[in-house]
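S.K.: Have a look at this one.
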Amino acid sequence: MKSIKVLIIGAGKGGSSILRFFLKQKAIRIVGVSDINLNAPAIKIALENNIPVFSDFKKMLFEKRNETDVIIEATGLLSVQEELKRLKPNRVSVLEAEAASLMMTIIEENLHLYKVKETEELLQTILNSAQEGIQVVDKDGKIVYINKAFTNITKIPPEERINKSVFQVSPDGALCEVLRTGKPVFGKPNIVKGSNIEVVSNASPIIVNGKITGAVVIFRDVTDMKRILKKLNEREELIKNLKGSINNLTAAKYTFDDLIGENPVFKESISIAKKAAEADTTVLLTGESGTGKELFAHAIHNYSFRKNKPFIRINCAAIPPNLLESELFGYEKGAFTGAIERKIGKFELADGGTIFLDEIGDMDTNLQAKILRVLQEKEIERLGGSKPVRINVRVIAATNRNLIDMIRQGNFREDLFYRLNVLNISIPPLRERINDIPKLAERIMMKLNQKSGKKIVRISNDALKSLMAYSWPGNVRELENVLERAITLADSDVIDDNLIRPYLKPDIHKNDEEDILPLDEVEKRVIESALKKYGTSLPAKKKIAEKLNISLATLYNKLKKYRLNYKI
Ligand SMILES: Nc1ncnc2c1ncn2[C@@H]1O[C@H](COP(=O)(O)OP(=O)(O)OP(=O)(O)O)[C@@H](O)[C@H]1O
């Protein structure tokens with residue numbers, strides 16, 4: 001841009017205010033300032049801004065004659081004005097100080113107007129890009145402004161609002177409240193009159209120089225939000241109910257009070273179990289079938305700080321190995337054909353609580369390696385998942401099999417055994433604590449009375465003697481079965497020996513040569529001892545069928561017939 005070159009003659013008060021103003025204008029370049037007094041204020045300003053100064057204006061006119069467009073005469077002296085007329089080149093205009101001041105006022109006014117316009121446009125853009133509806137009234141309640149969002153939300157065109165009184169169009173709204181009280185309003189729920197839109201408004205008075213000149217309201221459409229909130233509440237309610245059901249399903253039912261037994265070895269097991277519960281260590285429960293391993297697992301969980309968290313039991317022998325992995329660790333959607341949505345595994349379900357791995361001796365060695373990893377890393381990986389999930393779960397495992405033998409045979413991982421065996425609680429079989437039988441029988445009788453609605457009050461001495469003489473291969477579970485049968489058959493309120501003795505299986509542990517057994521009893525015992533030897537998993541059953549030279553299906557039929565499938 002070409003600049004206008006200006007000389008200033010006279011560096012007093014007038015000259016310096018002109019100089020200061022012109023210094024701010026980009027289109028003007030001051031090429032010289034002169035005053036007979038070189039201490040005059042404008043001379044100082046000129047020196048500070050590297051503008052040449054002169055004590056003789058004629059010298060300045062001569063030196064700068066080729067670079068001057070306008071001369072400002074700020075001395076007010078007639079003599080100077082006369083000289084100027086004579087000396088100035090024709091193409092140069094002379095402006096007197098008054099004219100220059102007038103020009104400065106006009107320029108400033110224009111600048112101010114320009115700024116106001118710029119601010120107004122900026123404000124318009126801001127207000128119209130807001131998602132919230134905005135409405136402004138003057139102090140009398142006349143609507144003077146609405147933004148675009150106001151119309152978008154309410155579908156009310158501007159002409160139906162502008163210049164109308166807010167007291168008529170929306171008498172219950174936030175604006176009227178502000179105008180009436182002079183105080184701001186926050187979070188006022190309302191329905192915009194003229195539309196059915198539910199909004200929440202914030203409104204404030206507009207105060208200029210301490211006086212209310214109007215009010216502004218900003219509101220947000222909450223119709224969608226309310227709908228979503230309603231849905232969310234419904235879902236929350238559902239989740240709450242489901243959580244309740246899950247808690248019922250996953251709560252451990254028994255405590256140490258449910259474990260009946262005064263036998264010193266049994267009491268020692270309880271005392272170790274209590275310590276284990278408090279120490280939050282991994283526990284391995286060993287003992288024959290029916291000795292109460294599951295009961296111990298419940299009791300340990302309920303005695304630990306995890307008692308209000310889930311207790312998840314999984315029978316490793318009852319689920320085929322290929323399914324067991326997904327049961328334990330879950331899977332991601334699409335992990336395999338049929339995985340139509342993500343499934344949470346038992347480990348994740350047990351998070352914060354306890355997982356009880358029953359019949360761990362029947363788990364295949366591949367899966368054993370994965371369990372070992374969980375115990376070491378404290379994280380699991382869902383099938384088809386790409387990142388591990390951290391879990392905080394106490395593991396209690398149980399088995400009626402001899403894991404040391406299994407390690408020798410290569411059927412159980414030694415490293416997993418040592419991980420699980422941090423605390424081994426061995427539960428004695430019932431035949432080693434026969435003195436506990438009367439109390440146990442009494443407790444079981446009470447439980448069964450409740451279940452059956454019968455009122456058996458006593459077990460006869462002879463019946464108790466029979467119970468105590470028996471060797472209980474099926475332990476407490478078998479005792480429960482025998483008593484249940486007796487209670488069902490009992491005609492009086494006492495259980496007599498005739499309801500017990502005939503139903504006790506001849507003892508397979510005693511080598512009683514005089515007894516000639518019925519064939520099916522022999523068959524049952526053979527299968528029972530095979531189950532004891534090989535376990536109850538599918539591969540074990542296949543092996544048993546092979547050894548007995550019968551098909552797997554026949555084995556299953558026999559398990560059913562002799563009610564040996566209670567573990568499945
Ligand atoms: N000490 C006990 N006091 C009271 N009831 C017991 C006791 N031990 C076992 N029971 C009862 O005996 C039954 C079998 O117990 P549990 O299922 O805990 O045995 P388990 O050792 O886990 O058997 P399995 O190895 O076959 O799974 C359950 O009904 C349980 O309530």
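Note that Cβ sites are derived from N, Cα and C of the backbone, with glycine treated the same way.
Curation plays no part in TrEMBL annotations; they are all automatic predictions.
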S.K.: What range among 57-84, 113-140, 225-252, 533-560 does TrEMBL record as coiled coil?
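M.R.: It is 225-252 that TrEMBL annotates as coiled coil.
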S.K.: Which sequence positions outside the coiled coil (225-252), separated from its termini by at least 6 residues, show Cβ-Cβ distances below 8 Å to it?
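M.R.: Counting only partners 6 or more residues beyond its ends, the coiled coil (225-252) has Cβ contacts under 8 Å with 198, 297-299, 301-302, 307, 310-312, 349-350, 353-354.
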S.K.: Along the domain 'PAS' (119-167), what average pLDDT does this model show?
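M.R.: Residues in the domain 'PAS' (119-167) carry a mean pLDDT of 91 in this prediction.
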